[in-house]
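Note sheet for the following structure.
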Amino acid sequence: MSQLDLLNIVHRPRRLRRTAALRNLVQENTLTVNDLVFPLFVMPGTNAVEEVPSMPGSFRFTIDRAVEECKELYDLGIQAIDLFGIPEKKTEDGSEAYNDNGILQQAIRAIKKAVPELCIMTDVALDPFTPFGHDGLVRDGIILNDETVEVLQKMAVSHAEAGADFVSPSDMMDGRIGAIREALDESDHSDVGILSYAAKYASSFYGPFRDALHSAPQFGDKSTYQMNPANTDEAMKEVELDIIEGADIVMVKPGLAYLDIVWRTKERFDVPVAIYHVSGEYAMVKAAAANGWIDEERVMMESLLCMKRAGADIIFTYYAKEAAKKLR
């Protein structure tokens, strides 16, 4: 086609893509290190780090090594972590979850002392703390709701007493946000926030995480309390209930497969929305990259940016450290 034969096009979107400078000027969404939360697994012992086999590049830390990791994270600009604990013992009543000298309580105190500016969020659920691997107490094969909520209240208060800035109930029991808010307020911890796993689906993407915490369910699945992946209206109901009960931040989990839920949540509710880039999503990228099928760094950054574009204000990701280095 000659110069004289050019199409009579008024609007040429490619003009704004011609150079990197132009593309950056008109970019609609930007990922920053401030968006990232690093999930951190702590285990008993001293001076030990274990790689999670199904999550290459992700590790379990003893508390002393977790402290060192947190110092490095903070130096990279990451301002928040979410703590998950592997207890020394599991009990049917889940009492280790609220032990003042439990794994999470010790970790909170040690990290807060060493890196006081770091925002410490803590997982509140019973799956690592009972032999059943379910998020609640179990009786005759049934996951108990109200009895579980009583334990979660104690667990949340114990985390607050240890110095947690936010508690993050991930259990999906009915009514637990209001009950935890009440327990925190009554124990003089009204400043401790709640990040609710409000729309948490019964997903197949959680497998490597359960390996990391040794918390796979020992019978059945979690579909009686986690959400059906087919549902979206139900997610809006769950989010609304948690906000009414006192959640400061709401989360959608998993991430990439549920960006529509993030979008609906952000459009409908005027609260910060978090998303969890879960272990299965992370492991798939790692596996494909190990085979040379994808560029891991580019896929990592694209995945995180897509979560931001969908409306997420906060991104929980095992890639937080790598992404922070890239964003510096």
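In case you wondered, yes, glycine gets a Cβ from its N, Cα and C as well.
If you look up Swiss-Prot, you'll see Lys200, Lys253 marked as active site, schiff-base intermediate with substrate, on the strength of similarity to another entry. Taken from Swiss-Prot, the feature 5-aminolevulinate 1 binding site applies to Arg210, Lys222, supported by similarity to another entry. Swiss-Prot lists Glu238 with the feature Mg(2+) binding site, giving similarity to another entry as the kind of evidence. Per Swiss-Prot, the feature 5-aminolevulinate 2 binding site maps to Ser279, Tyr318; the stated evidence is similarity to another entry.
All features noted in Swiss-Prot, drawn onto the structure.
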{"residue": "Lys200", "record": "active site, schiff-base intermediate with substrate", "contacts (Cβ under 8 Å, 6+ apart)": "Ser170, Met172, Gln226, Met227, Met251, Val252, Lys253"}
{"residue": "Lys222", "record": "5-aminolevulinate 1 binding site", "contacts (Cβ under 8 Å, 6+ apart)": "His134, Asp135, Met172, Ala202"}
{"residue": "Glu238", "record": "Mg(2+) binding site", "contacts (Cβ under 8 Å, 6+ apart)": "Ala198, Ala199, Met227"}
{"residue": "Ser279", "record": "5-aminolevulinate 2 binding site", "contacts (Cβ under 8 Å, 6+ apart)": "Ser54, Met55, Ser58, Phe205, Tyr206, Gly207, Pro208, Phe209, Ala212, Tyr318"}
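All protein chains considered, the CB of Tyr318 (5-aminolevulinate 2 binding site) has 29 other CB atoms within 10 Å. Ranking the recorded positions Arg210, Lys253 by how many Cβ atoms sit within 10 Å of each one's Cβ puts Lys253 at the top. Lys253 (active site, schiff-base intermediate with substrate) falls within a strand segment according to DSSP.
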